[in-house]
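Annotated active site, proton donor/acceptor per TrEMBL: HIS136, in sequence order. Annotation comment: TrEMBL describes LYS140 as active site, proton donor. Under the heading NAD(+) binding site, TrEMBL lists GLY11, ALA12, ARG13, GLY14, ARG15, MET16, GLY79, THR80, THR81, ALA106, PRO107, ASN108, PHE109. Residues or ranges marked as (S)-2,3,4,5-tetrahydrodipicolinate binding site in TrEMBL: HIS137, GLY146, THR147. According to TrEMBL, the domain 'Dihydrodipicolinate reductase N-terminal' annotation covers 5-109. The feature domain 'Dihydrodipicolinate reductase C-terminal' is assigned by TrEMBL to 113-247.
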Amino acid sequence: MSTPIKVAILGARGRMGAAAVDAVSAASDMELVAALGRGDQLSKITDAGATHVVDLTVPESSEANVTFAVERGLHAVVGTTGWDEPQRARLEAVLGQHPEVGVLIAPNFALGSVLATSFAAKAATYFDSVEVIELHHPNKVDAPSGTAIRTAELIAAARRGAGVPAAPDATEKLLDGARGALVDGVPVHAVRLRGLTAHQEVLLGSEGEALTLRHDSFGHSSFMPGILLGLRQAASHPGLSYGLDRYLDLGF
Ligand SMILES: NC(=O)C1=CN([C@@H]2O[C@H](COP(=O)(O)OP(=O)(O)OC[C@H]3O[C@@H](n4cnc5c(N)ncnc54)[C@H](O)[C@@H]3O)[C@@H](O)[C@H]2O)C=CC1
Ligand SMILES: O=C(O)C1=N[C@H](C(=O)O)C[C@H](O)C1
């Protein structure tokens, strides 16, 4: 039997971290060697002999955590949202010094969400209008969600690539925020509702028809297969991979 992947989880007492602790502990090819919460020293990761790190913390600490791991030659799977372009560029510079290390930053680990985002980017080149609505539990820290930002960016890139003009909108805005936030020109609306977990709709419209692409995560278990896949594949994907789709053969 091959050596198990030795995993340290950061943010282990949070909603996602606790689910990841259970998922990694139950995986026969993995060994959970460290579970860190806020205030724990990062040196616990190396003291425990981890080869892989899972970061499920908060935007303020994620970059420092992942940089610490990469500088010590550890692979990382990052679910924390809020990584912007300059942060990813800084991480790529660090990875340049450690070319054998693989880091996956995935705004969403649920397979259905990854597929829905890909479908949305594809469909967005065929419709005049497109808007994103994300709906989450009210304890979520950030808005809009990382998934919504990534979806809007991919939609915008696909439309630019296909030469599709900006979506028509003649609205006079009487109140700030009434039309959501623009991400790369795509309106994104964030709903926070007790009882929800993580949900997203992409609305696409043209004269006489509309298409709605909706994904629902009903529980944090939906994200665990993606995290385990990331841990199994990070070492064979050196450098920075942004989006779980980079590890999947979606065939389009
Ligand atoms: N990529 C994906 O599929 C998903 C990503 N997320 C993202 O994961 C992150 C965590 O989400 P939740 O678990 O719901 O939040 P949470 O608030 O329940 O958990 C975050 C945990 O991280 C801890 N923490 C903060 N700084 C830390 C540090 N430096 N070291 C160790 N622990 C630290 C906090 O004390 C807390 O326990 C968020 O950014 C969220 O958007 C959430 C669900 C799915
Ligand atoms: O905080 C959450 O819950 C989630 N965060 C991620 C995001 O911001 O996109 C993924 C999923 O939507 C759940």
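Indices start at 1 and increase along the chain as displayed.
Each Cβ is built from the backbone N, Cα and C atoms, and glycine gets one as well.
Nearest to GLY11 (NAD(+) binding site) in space, judged by Cα atoms and limited to the recorded positions HIS136, HIS137, LYS140, GLY146, THR147, is LYS140. Comparing Cα positions, THR147 ((S)-2,3,4,5-tetrahydrodipicolinate binding site) lies closest to PRO107 out of the recorded positions ARG13, THR81, PRO107, LYS140. Reported as a whole number, the C-alpha separation between HIS136 (active site, proton donor/acceptor) and PHE109 (NAD(+) binding site) equals 15 Å.
Look at the binding-site residues GLY11, GLY79, PRO107, GLY146 and count other Cβ atoms within 10 Å of each Cβ; GLY146 has the fewest. Checked against GLY79 (NAD(+) binding site), the recorded positions HIS137, LYS140, GLY146 differ in C-alpha distance, with GLY146 being the nearest. The maximal spread of the NAD(+) binding site, taken as the longest Cα to Cα distance among GLY11, ALA12, ARG13, GLY14, ARG15, MET16, GLY79, THR80, THR81, ALA106, PRO107, ASN108, PHE109, is 20 Å. Note: the (S)-2,3,4,5-tetrahydrodipicolinate site is recorded as HIS137, GLY146, THR147; in the same chain, THR81, PRO107, ASN108, GLU134, HIS136, LYS140, ASP142, SER145, ALA148, ALA198, GLN200 also have Cβ atoms within 8 Å of that site's Cβ centroid.
Filtering ARG15, THR81, PRO107 by Cβ distance to ligand 2 (under 6 A) retains the following binding-site residues: THR81, PRO107. Looking at PHE109 (NAD(+) binding site) and HIS137 ((S)-2,3,4,5-tetrahydrodipicolinate binding site), their Cα atoms lie 17 Å from each other. In the vicinity of ligand 1, defined as a Cβ distance under 6 Å, the following of the binding-site residues GLY11, THR81, HIS137 are placed: GLY11, THR81. Just so you know, the Cβ of HIS137 ((S)-2,3,4,5-tetrahydrodipicolinate binding site) picks up 14 other Cβ atoms within 10 Å once every protein chain is counted. Cα of PRO107 (NAD(+) binding site) to Cα of LYS140 (active site, proton donor): a span of 14 Å. Listed in sequence order, ALA35, GLY37, ARG38 are the same-chain residues at least 6 apart in sequence whose CB falls under 8 Å from the CB of ARG13 (NAD(+) binding site).
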